Amino acid sequence: MDHLPIFCQLRDRDCLLVGGGDVAERKARLLLEAGARLTVNALAFIPQFTVWANEGMLTLVEGAFEESLLDGCWLAIAATDDDAVNQQVSEAAESRRIFCNVVDAPKAASFIMPSIIDRSPLMVAVSSGGTSPVLARLLREKLESLLPQHLGQVAHYAGQLRARVKKQFATMGERRRFWEKLFINDRLAQSLANADAKAVSEITEQMLSEPLDHRGEVVLVGAGPGDAGLLTLKGLQQIQQADVVVYDRLVSDDIMNLVRRDADRVFVGKRAGYHCVPQEEINQILLREAQKGRRVVRLKGGDPFIFGRGGEELETLCHAGIPFSVVPGITAASGCSAYSGVPLTHRDYAQSVRLVTGHLKTGGELDWENLAAEKQTLVFYMGLNQAATIQEKLIAFGMQADMPVALVENGTAVKQRVVSGVLAQLGELAKQVESPALIIVGRVVALRDKLNWFSNH
């Protein structure tokens, strides 16, 4: 280990920054955020330093560096574009046993500054020891995506609860289980982020009052249309915290590969060799797993509240008093249209878009007259088996037979396939496509020839 990672308490302590340019500004921001009493020395300063000085946030000393500026300092940073000046600052600091960082010259410095993920009071530092700053930055960006923005608020709140938790739970094991439940409670984290004191109090009291083994919850997560890159950051965080993931066939293998390795996986979709699990049975699976005290993720393709029956599942949980939350996903209409070069709205062709289910409960009927109106785009979910009926009804209610249509199979996936034509051909076109597929009807489909980008990659 070439460097010892430490966190310095600089609040109200004198620090010196030598340099007045853009690089020095970035260092100054970090020192000010840490509460340092900062003096900045340079021959000239960019405007931001003057702004800070006028606000009383730091002291500017214009002119050449002098060793006396280090008097009383705890820490120094040399951030000029003059190597000789930087070396002078480093040597002067070294002689006084003051730690000094020299920008872009780790061998000349007595300390280096890592890439930082700030979720105060939680801090994560990443460093390559100065050998590969770009690698450290890329790793920091990866970690940033995995750590929720509100994590710091959760950590701060946990600090307020420590004494009470220690008093209520006698053993270390009980305390550990409680803290694990608290740190992955998405409803609590969201309430803290929203400064909803009432909800925070209610959730906390519920967690403290119930037996530890009976504090399960369900998170309804939209997996997006297929491409794993379209899964939201919050969705990724949830599937990596799950004890059990209940999923269907619209969730891609690439997304399932991101699920926490030791999580149980329950498949409830329809696949060759399997029977489709009835919705009521799915509801009971969610209920049963949550009642075991487990963190359950119900992972659904697209967005769970757009033809995903998410509302029905949550009604069951609500009736049973099971805590739940929802993470929306990119719905298939948005993903498939974007990846097939079909804008759902366009000033010249469509001022509205309608998302329509291709099948209803028994006895249901669509409002075909309004669906056949001009200047709109129709997107039919689960409509492949009803394509001939959709064609017949739309034409019967006045839509032109030459209206452009597109069928998007496996939208956003590497194996995406798009079949296009006109409304009069829809029934026949559907025979060329396999589920899962989406039907898009509207003048905007004609733009596909110009705007299609995905198939070219």
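Here the Cβ of each residue, glycine as well, is placed from N, Cα and C on the backbone.
Lifted from Swiss-Prot, the feature list:
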ACT_SITE  ASP248  active site, proton acceptor
ACT_SITE  LYS270  active site, proton donor
BINDING   ASP22, VAL23, LEU43, ALA44  NAD(+) binding site
MOD_RES   SER128  phosphoserine
REGION    1-204  region 'Precorrin-2 dehydrogenase /sirohydrochlorin ferrochelatase'
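Sequence features, as recorded in Swiss-Prot, placed on the structure.
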residue : record                       : Cβ within 10 Å
ASP22   : NAD(+) binding site          : 11
VAL23   : NAD(+) binding site          : 15
LEU43   : NAD(+) binding site          : 13
ALA44   : NAD(+) binding site          : 8
SER128  : phosphoserine                : 16
ASP248  : active site, proton acceptor : 19
Alpha-carbon spacing, ALA44 (NAD(+) binding site) to SER128 (phosphoserine), which is rounded to whole Å: 32
Between the residue listed as 'phosphoserine' and VAL23 (NAD(+) binding site): CA-CA distance (Å): 19
Cα distance (Å, whole number) from ASP248 (active site, proton acceptor) to ASP22 (NAD(+) binding site): 51
Cβ-centroid neighbours of NAD(+) site ASP22, VAL23, LEU43, ALA44, 8 Å, sequence order: GLY19, GLY20, GLY21, ALA24, ALA42, PHE45, ILE46, ALA79, THR80, ASP81
Reported mean pLDDT - the region 'Precorrin-2 dehydrogenase /sirohydrochlorin ferrochelatase' (1-204): 90
DSSP-derived class (H/G/I helix, E/B strand, else coil) of ASP22 (NAD(+) binding site): helix
Rounded distance in angstrom between the Cα atoms of the residue listed as 'active site, proton acceptor' and the residue listed as 'phosphoserine': 41
Distance, LEU43 (NAD(+) binding site) to the residue listed as 'phosphoserine' (CA atoms, angstrom): 32
